[in-house]
Amino acid sequence: MSSGFFGDIQKIKYEGPDSTNPLAYRFYNPDEVVAGKRLEDHLRFAVAYWHSFAWPGGDPFGGQTFDRPWFPKAGGIDTMELAKLKADVAFEMFSLLGAPYFCFHDADVRPEGKDFSESAARLDEIADYFAGKMKQTGVKLLWGTANLFSHRRFMSGAATNPDPDVFAYAAATVKSCIDVTKRLKGENYVLWGGREGYETLLNTDLAREQEQAGRFLSLVVDYKHKIGFKGTILIEPKPQEPTKHQYDYDVATVYGFLKRFGLEKEVKLNIEQGHAILAGHSFEHELALANALGVFGSIDMNRNDYQSGWDTDQFPNNVPEMALAYYQILQAGGFKTGGTNFDAKLRRQSLDPQDLLIGHIGGMDACARGLKAAARMVEDKALSAPLAERYAGWNSAEGKAMLSGKRTLEDIAERVVKKKIEPQPRSGRQELLENIVNRYV
């Protein structure tokens, strides 16, 4: 039954690349088979509840621009009735888009209670409402998470807070969110440390806070196993914003943290394009490194404005970048429990309800184009064959012996002298490889 928010709009369908209908897919055909799998099963699209339904359109210089029927009126109180209206519209949008998944924070979906118990009870109540909507629509939960960064209690961190009561409150909040995620058959649970870091070292015990973060994550992993949650625990790296320096800076930093606390086999990473850019990396770099380290899990797909210097969370539209990102994902074997979550929001001037649909349609089409280009590159060995040739020397008997530890430094030095080895540089052929990529996109 329609909420009326989107007007008289039918389910978005695939119309092909020649379509000029803004409310149709041009490249995303969910049933199209690419590399042996349906596009829907490759991409596993999810809609982010927070940007689409909770964000009011504000920025640091101005307040709310969006007028949504589920927002409390000026001076009004947020209620469970409004939360359920929001859910009605959300699931209507998921269905219109044909999006198989959604993601949420606890604070996105229920109003804050007068205390922890009331907040948890409200989360349970909306979870029951979600369960009915999920059964009705077939939409599934990709992941749940706790908002441990917006409320003022978390201004100095959650797991890394100097006050142990805040640590305890955060732990209780995460427990309630994991419980709900499990009840809704969520396939992952995400931890993002927006306030886990510091503004100045003058008031920060960095060593202590690292230990607190390690203990917190260990508690989460222990609880996952205790309750039989089969989903994947994911950490989402980000270098800064809102905190000046965040401890989950990038893939390499998080992997070192996981190794330190013996959790590298228990936790994987949810990697966001915009966060990679903030850390000074490309999206494909972070994906390739996570794959190399065995911790790739899921992605938040969006894009940043390259000139602004902050996390703009725009809908993705750079197909060449996305093709290289999905190439790394296919090289990792594709998504297991993860997927493509649109951690993207409208521009604050995009006021119309249809803008929500159009933003996601464009993002889904761009992802489909990127995935299909990546799949063709994999099938044709367009990049893997030159890469294998570049490193072919390591497949020689001597190359394998050096790498396996069968040669000492003295052995290697003696061979260089005896064989009169004088290596000659070889072209990296970067321009050729870039041109090859352009043939596919």
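Cβ from N, Cα, C; glycine included.
Listed in Swiss-Prot:
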- H105: active site (ACT_SITE)
- D108: active site (ACT_SITE)
- E236, E272, D300, D343: Mg(2+) 1 binding site (BINDING)
- E272, H275, D311, D313: Mg(2+) 2 binding site (BINDING)
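Features as recorded by Swiss-Prot, highlighted on the structure.
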residue : record                : CB count, 10 Å
H105    : active site           : 20
D108    : active site           : 22
E236    : Mg(2+) 1 binding site : 23
E272    : Mg(2+) 1 binding site : 25
H275    : Mg(2+) 2 binding site : 30
D300    : Mg(2+) 1 binding site : 23
D311    : Mg(2+) 2 binding site : 20
D313    : Mg(2+) 2 binding site : 23
D343    : Mg(2+) 1 binding site : 23
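When the recorded positions H105, D108, H275, D313 are screened for a C-alpha within 10 angstroms of the C-alpha of D343 (Mg(2+) 1 binding site), the residues that qualify, in sequence order, are D313. Excluding E272, H275, D311, D313, which define the Mg(2+) 2 site, the same chain contributes K238, Q273, G274, I277, L278, D300, N302, N304, D343 within 8 Å (Cβ to the Cβ centroid), listed in sequence order. When the Cα atoms are compared, D311 (Mg(2+) 2 binding site) and E236 (Mg(2+) 1 binding site) turn out to be 14 Å apart. When the alpha carbons of E272 (Mg(2+) 1 binding site) and H105 (active site) are compared, the span between them is 16 angstrom. The DSSP secondary structure for H275 (Mg(2+) 2 binding site) is helix. Note: the CA-CA distance between D108 (active site) and D313 (Mg(2+) 2 binding site) rounds to 17 Å. Using a 10 Å Cα-Cα cut-off around E236 (Mg(2+) 1 binding site), the recorded positions H105, H275, D313 reduce to H275. DSSP gives D108 (active site) a helix state. Geometry remark: H105 (active site) versus H275 (Mg(2+) 2 binding site), CA distance 18 Å. Between D313 (Mg(2+) 2 binding site) and D300 (Mg(2+) 1 binding site), the C-alpha separation comes to 10 Å.
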